[in-house]
Amino acid sequence: MEMEKEFEQIDKSGSWAAIYQDIRHEASDFPCRVAKLPKNKNRNRYRDVSPFDHSRIKLHQEDNDYINASLIKMEEAQRSYILTQGPLPNTCGHFWEMVWEQKSRGVVMLNRVMEKGSLKCAQYWPQKEEKEMIFEDTNLKLTLISEDIKSYYTVRQLELENLTTQETREILHFHYTTWPDFGVPESPASFLNFLFKVRESGSLSPEHGPVVVHCSAGIGRSGTFCLADTCLLLMDKRKDPSSVDIKKVLLEMRKFRMGLIQTADQLRFSYLAVIEGAKFIMGDSSVQDQWKELSHEDLEPPPEHIPPPPRPPKRILEPHNGKCREFFPNHQWVKEETQEDKDCPIKEEKGSPLNAAPYGIESMSQDTEVRSRVVGGSLRGAQAASPAKGEPSLPEKDEDHALSYWKPFLVNMCVATVLTAGAYLCYRFLFNSNT
């Protein structure tokens, strides 16, 4: 297959980063004026992940119709997707209002609520303990009917009720729970098995509204999911499956939402998934059983919230190159700590968060084409960290040490100055008396 040869050639030449940069430069750019309005600032998770004006989803609200979501219509594939950010605490009601108004049957979630100790998404669906959630701002009620937990994904059956009309609808929530915090899945097997589960449910069928797909920013993992699905669909529809050009398909999708596919690693993984998925499209039905076997979906799932590893304690008076900290100027140590923060393997997804704790700068293996975070701070801010109770801060200790060191010298200088001034005055007085 031509695509497989292309993949091997790119792998051999190590040119994934260059190809990814070409896509970034060729991608369409359209206005995002509505997203930038001051009143919508608290509805965006990231400053620089915004829906284009021409493709944004509009809520049926009179006061404000804005939600950070984009409609992607792939006409040849006859597939539509709504790509959106992970809901914020203040936009959960808007999220379900969009699902209701767009008549969507499926929601695909590709992140965990917490990753790397950061909140990636609000808990916008009810858990077993509570069973239901009511969104008063949009007058909707969501009830958990059942959930099927596998080793790497969970399928939830939800009931969404419009409290104004008393109408109810079934919503299927497909939650991929094991996308690694750093990078992409090792193998496309589990990803493809998950994708085909979504397909088999009918949630992607045109008789329903567009499937809603999200991660944290709604561009990286979400773009990977939609790109793989669209390419496999085009392979199935065309007489010549090898004519499908992944790069062209991605550029077409980027006309509807910015930044789809965030890293070269995600682009490479998309190729892998399409190449492997094409085996099923070409008639090898046994590969689906292989995906299921390789993905180990019947094993015990990992915990939902994995606490981040503790950060090492900061050094206070430890030796540094054979010398102690107290003999160095304080600002040198502050700079060192700030640099340590920068060197930590932090990642993620585009822009400074507005409504959540800062998300790290994602490496070339996660959702991060433009997302960034400010690490450290000004020197003054670093020195202003509160000391332990009852113990003076490090700058205060240094000041006391410096004062005790210079005190004898300063006293001697003062005495010498007074004696010199006195001698001069006596000389002037005696000189004037003689004249």
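Each residue, glycine too, has its Cβ placed from N, Cα and C.
If you compare Ser50, Ser187 in Swiss-Prot, the phosphoserine annotation sits on Ser50. Swiss-Prot marks one residue of Cys32, Cys215, Cys231, Cys414 as cysteine persulfide, namely Cys215.
Of the candidate ranges 294-315, 338-359, Swiss-Prot annotates residues 338-359 with the feature region 'Disordered'. Among Tyr20, Tyr124, Tyr176, Tyr405, the residue that Swiss-Prot annotates as phosphotyrosine is Tyr20. If you compare Ser13, Ser80, Ser378 in Swiss-Prot, the phosphoserine annotation sits on Ser378. Taking the Cα of Ser243 (phosphoserine) as the reference point, the closest of the recorded positions Ser50, Tyr66, Cys215, Gly218, Gln262 is Gln262. Cβ neighbour count for Asp181 (substrate binding site): 20 (other Cβ atoms within 10 Å of its Cβ, all protein chains included). Rounded to a whole number, the C-alpha distance linking Ser216 (substrate binding site) with Tyr66 (phosphotyrosine) is 18 angstrom. Taken residue by residue with DSSP, Tyr66 (phosphotyrosine) is part of a strand. Binding residues for substrate (Asp181, Cys215, Ser216, Ala217, Gly218, Ile219, Gly220, Arg221, Gln262) extend across at most 16 Å, taking the greatest CA-CA distance.
With respect to Tyr20 (phosphotyrosine), the closest of these binding-site residues in Cα terms is Gln262, chosen from Asp181, Gly218, Gly220, Gln262.
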